[in-house]
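Under the heading domain 'PAS', TrEMBL lists 70-116, 196-241, 325-371. If you look up TrEMBL, you'll see 143-195, 276-328 marked as domain 'PAC'. For 179-206, the entry in TrEMBL reads coiled coil.
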Amino acid sequence: MRDKKELQERAVREAAEGRPLLELALELGVSTTTLRRWISASEARTKARGSARKVATSLSREKYSEASQRMRLLIHALEQSPATIIVTDADGRIIYANPKFTETTGYSTDEAIGQTPRFLKSGFTPPEEYHRLWKTIRAGKEWRGEFRNKRKDGSLYWERASISPVFDAEGRIANFMAVKENITEYKEAEAARQQAEERFRAVVTAMAEGVLLLDPEGRIVLFNAAAEGMLGHMGEQMAGRRLDELNLRWLSERGETVPMESHPVRRAVKKGETIRQSVYALLPPSGELRWISINAGPVSTSSGAQSTTVVSFSDITERKGAEERLKLVGSAFDNSVEAIMITDGDNRIVSVNAAFSEITGYSRGEVIGKSPSLLASGRHSKAFYRDMWEALAAAGRWQGEIWNRRKDGRLYPAWLSISVVRAADGSVDQYVTLFFDMSERSDRIRGAS
């Protein structure tokens with residue numbers, strides 16, 4: 001009771017000397033409303049004694065002036081602070097809130113004074129966190145954390161807070177001070193980033209291509225199941241490691257071993273090069289050689305610095321095999337001693353080989369798009385050709401001897417074989433015709449007879 005009376009007397013005395021109420025409130029740990037009530041109640045006593053200013057004549061005016069100046073500087077700093085600052089008494093009731101508080105929450109200072117900060121609760125912060133907060137600051141320690149609070153208009157906002165106890169001259173907790181930073185934009189950006197990352201991971205996971213994300217040192221920080229399968233390593237064997245640490249052997253299309261120093265992924269990581277469809281053979285630990293098409297490129301930050309490298313692998317083993325088979329077929333087509341003519345479903349020539357030109361005298365350019373009828377000799381009846389086409393329709397093939405005409409007009413006998421190539425729906429896609437010149441054979445037969 002004695003302490004409260006002394007506090008009231010001091011407050012009235014210093015207020016009478018012109019001390020700003022806000023300064024007194026912060027220093028004494030009471031609200032300005034309480035100060036006004038004390039001053040009003042003591043007004044009669046103050047008049048009876050004369051002037052409260054006379055009571056303070058024994059004070060050191062020089063020391064008081066210095067303290068008052070420091071307090072004014074402090075008040076100015078609090079008022080101009082870009083952070084929200086709240087001061088409460090020892091029971092948690094607000095005795096001061098700076099202008100940033102009003103800007104952030106929408107509540108005026110008068111609406112906040114006397115309340116506890118719980119009127120800002122949104123319900124998102126669990127009770128356990130508030131329990132830890134009070135346990136920490138009542139133990140005389142600083143608490144740091146984040147709140148998702150509610151503004152006066154009902155909208156939500158995030159703030160990062162530092163709450164510390166303020167001690168009086170006897171070492172007892174007199175006040176609590178909270179310094180808060182509005183981090184709503186940061187939180188929203190972080191949530192958007194996390195959503196984008198989750199979408200990216202979902203897309204990468206679903207991709208048939210193998211995908212790796214490498215840090216600036218070339219270490220694997222993200223991978224998908226397809227990459228595990230192609231590289232022959234499980235995730236735990238790849239995470240945090242570089243490609244040259246995975247016991248992989250890379251071969252060029254000529255069959256030469258490719259050192260990791262000149263590997264396209266290494267160039268993408270170290271030099272920031274963009275790699276497009278670079279083809280290599282990969283021999284993983286499993287020993288099954290696979291052909292891989294590699295794409296790689298740097299991903300830069302907003303400042304332009306390279307942060308990561310994205311690498312994608314496409315397994316083109318089947319395509320490579322098909323290409324090799326096509327090369328083999330093409331070689332056989334080009335080097336065959338028999339003439340080969342391919343026509344489309346409408347019986348228009350689409351391709352011929354060198355033997356065709358040698359036998360008929362027509363170049364490839366002269367016959368493409370034409371009908372094979374340009375080779376007709378005129379010796380065969382319409383019934384002959386009708387029977388041939390009926391056999392093709394029924395059996396899908398026909399072979400026999402036929403007389404054709406060369407470009408120079410000379411006739412020659414040919415042994416001809418035609419096969420039908422059908423599309424998936426059963427329609428005729430192509431006709432493949434093979435024939436050879438029987439002139440020499442016919443001459444030998446005539447000579448023998």
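Every residue, even glycine, has its Cβ placed from backbone N, Cα and C.
Keep in mind that TrEMBL annotations are predicted by a computer and have not been checked by a curator.
Within its own chain, the coiled coil (179-206) has Cβ neighbours under 8 Å at 81, 83-86, 104, 146-147, 157-163, 222, 224-225, counting only residues six or more beyond its boundaries. Note on the domain 'PAC' (143-195): mean pLDDT across this stretch is 92. Secondary structure of the domain 'PAS' (70-116) per DSSP, as helix, strand and coil residue counts: 22 helix, 10 strand, 15 coil.
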